[in-house]
Amino acid sequence: MKILCIFLTFFFTVSCGPSVPQKKTREVAEKKRECQLVRGACKPECNSWEYVYYYCNVNPCCVVQEYQKPIINKITSKLHQK
């Protein structure tokens with residue numbers, strides 16, 4: 001009975017959550033998707049008319065230089081006093 005309890009504890013501890021390779025695969029897929037959203041491509045090296053947006057796994061995400069990164073402006077509201 002004690003062995004069964006130890007086995008079940010080990011089994012449930014090991015089986016919880018995704019394994020490390022699954023997490024890595026998911027992260028790589030997310031980075032490739034983000035790269036495609038900015039009209040880029042993950043490839044071994046960028047051409048002269050492209051720049052590195054960020055790295056997908058080990059390869060750079062190459063984006064054409066015409067693409068501008070979005071500028072985030074803070075929206076501030078001021079109350080007008082009369």
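Start at 1 and count along the chain as shown; that gives each residue its number.
Every residue, even glycine, has its Cβ placed from backbone N, Cα and C.
In Swiss-Prot this protein carries:
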- 1-16: signal peptide (SIGNAL)
- C35-C61: disulfide bond (DISULFID)
- C42-C56: disulfide bond (DISULFID)
- C46-C62: disulfide bond (DISULFID)
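Cβ neighbours within 10 Å of C35 (disulfide bond), excluding its own Cβ and spanning all shown chains: 22.
Counting only same-chain residues six or more apart in sequence, the Cβ atoms lying under 8 angstroms from the Cβ of C61 (disulfide bond) belong to K31, E34, C35, V38, G40, A41, C42, V52, Y53, Y54, Y55. Spacing of C56 (disulfide bond) relative to C46 (disulfide bond) is 13 Å (Cα to Cα, whole number).
Sequence-distant contacts of C46 (disulfide bond), defined as residues of its own chain at least six apart whose C-beta falls under 8 angstroms from its C-beta, comprise V52, P60, C62. Neighbour counts of Cβ atoms within 10 Å were taken for the disulfide-bonded residues C56, C62; the minimum is at C62.
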